[in-house]
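Participant: Before anything else, here's the structure in question.
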Amino acid sequence: MLKPEKMEKIIIISLNKYRDVIVRDLHELGAMQVEDSGEKISSVFNKRYENSMYKDVYNYLQKFRGYLSMLPKREIRSRARFKGIDDLISKIESIKIENDLNEIKDNEDKLIALKRDLENNIKPLEIMHNLDYDLSIFNNDHVKSVVIEEPALPFIGDCNRCVSKIKLNNFYLIIVEKNAYDNLISRLPQNYIIMPVPEGSGKIGDVLASWKNELLNVNNKLNDLNKRLNEISDKWYETIAQISEELEIYANEYDVESELASSDSAFAITGWIPVAMEKTINEVLSRDSNNEIYIKRIETDEEPPTLLKNTKRLKIFEFFVRFYSLPREYEIDPTIIFAIVFPVFFGLMVGDAGYSLVILLISLFIIHRVDHPVQRSHIPKFLSRFVLTIMSKNSLKTLAKALIPGSIIGIIVGIIFNEFFGFTIYPRPFVANPRPFPIVYIGKLLLISGYIGLAMVIFGFILGIINNVYINKRREAVAKFGWILLALGIADIGLNLLHRISLSPDVLSSLIGYIMIVLGFILILIFEGRQSLMEIPSIISHILSYTRLVGILLATVVLALVINRVFVSTLSMPFYFIILGVIILAIGQIFNLIISVFEPGIQGARLIYVEFFSKFYFGNGKPFRPFAANRKYTEKDNER
């Protein structure tokens, strides 16, 4: 867990007759990132190969993707197994729905276009329905007409070419000379309702009734088409989804085959694999090729891709490490550290059992809603759209899962601090002071946060030493030790100042501090150079940055205290002041809750990213992208 998977680059050479089965095995194992073979190998294996079924598979795949996009979705309740490409093609040819779907699609397009025209024609007539005129008088060889919103009327101006203006509730019917119509429309802003009067003949009421009846018939026909689509989907959707997935797998395999270095009799594949999978890959490929295969590790100076190996519970925190930067294959993976430290920081900064409980419930609700979406949501659309523009549903779910341990710690801290939405619930057993715990003990809490900062900075440098020793950068490792001495020395002198202890070298604690500062300074100067001395002030700032743990805690505590006191003060006032107090309490608590989510989340991540990762983390790793079959609705054919 503390390091990514160890990777190695290998080359696989085998006979062409085993090409399909070896590529399929690698695809199913999902343990190899296929790479370009390079000039040396390509000079020997200098031919390209294309599977004879590639075009057919690709065409079928495009067709079945189209089917899935047209058909209403259905739940896939089983997994299919296809016995090779011939069995798959046989299943494909048994599905004869193309003509039906094309007919439904063509009719649907025509009906939707007709429906749109009818709706556009009906809207102005509904406003004009009280006019007892023939519709033909509004559009003919001499005049054209338009219905506009009343606020748009001033944009018409004097309109010398207007024949008539008729007020219809909040709208105006404008009749204008035909050759002046386009000029009139161009003057009207597009943010107002503008409805051209449709052409037609007959009384307005009769035409309106006729078109409404026609619209009803169109909707009925669309419903019939939708019913046919649902019937087809009920029968075939699951099978089509399974076939589409299998076609996708074959298409990916054929794509890889076409890129392989080949000769008349053999082919070669090169790529990265996890060392832990080497034995499995050897066994599977040797078995399926009757041992007519050559697999060898390639010595290379290339940077290997990164594959993180963490337990399922820690996987959610990989999101935050990837967001910052992937570690390289040889360095420490900080996922487990982030998974421990971030929830603690988050819980400490929230520090209120009430807010933490709400955050926990909201997180659980988000996870449930993403896993079990509903057709109609009571959440305002503007809010859900705003959230989904910031992050995807999966990212939102990951964030919610990451906040659960932090909110649980926040509940525990809130109980210790006796903080419930800023109110105190139970009498303090140890303290008589009625003020909130963080305010009473602000000095001690700030000191504790300083110790946390010192511990995190030193821990970061220790990890930096380990990383540098591993890659044989011993000078950098010694310099990191110098930074540790410098940080400890500065902290020692700072604590002496805080506790009013003499800074004279005659005092042992001060002398130790000076010695560590001097030794650290010398080591940094020798092993990192003079330019590194510019970073000495940053050590102090990074340690002190951790006092924001208390600063953000105090901000939410004090704000909650002020809101609650305003509310309590209104309880002894007239009734309308009590209502005002309730409004202030509700709005204030919601605002403070929002702060309690965002500030601890952002600042907790920042303390890890900036003040901690900067001490040891190289990052800029390349993600491991294995050639892997993504099976949801199908199973591997073990007989193939």
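Cβ coordinates come from backbone N, Cα and C, glycine included.
All TrEMBL annotations are machine predictions without curation.
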Participant: Looking at 208-235, 292-319, which one is coiled coil according to TrEMBL?
Facilitator: 208-235
Participant: Do at least three C-beta pairs under 8 angstroms join the transmembrane segment (575-598) to the transmembrane segment (336-367), pairs 6 or more apart in sequence?
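Facilitator: Between the transmembrane segment (575-598) and the transmembrane segment (336-367), contact is present.
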Participant: Where else in the chain does the transmembrane segment (507-527) make close Cβ contacts, counting only residues six or more beyond its ends and a cut-off under 8 Å?
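Facilitator: For the transmembrane segment (507-527), the list is 475-476, 478-479, 481-490, 492-493, 496, 501, 533, 536.
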Participant: Thinking of Cβ pairs under 8 Å, which stretch from 336-367, 402-426, 446-469, 481-501 has the most of them with the transmembrane segment (539-563)?
Facilitator: 446-469
Participant: Using Cβ atoms and a strict cutoff of less than 8 Å, what residues sit near the transmembrane segment (446-469) while being 6 or more residues removed from its termini?
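Facilitator: Residues packing against the transmembrane segment (446-469) from afar: 330-332, 334, 341, 476-477, 480-481, 483-484, 487-488, 491, 498, 539, 542-550, 607, 611-616, 618.
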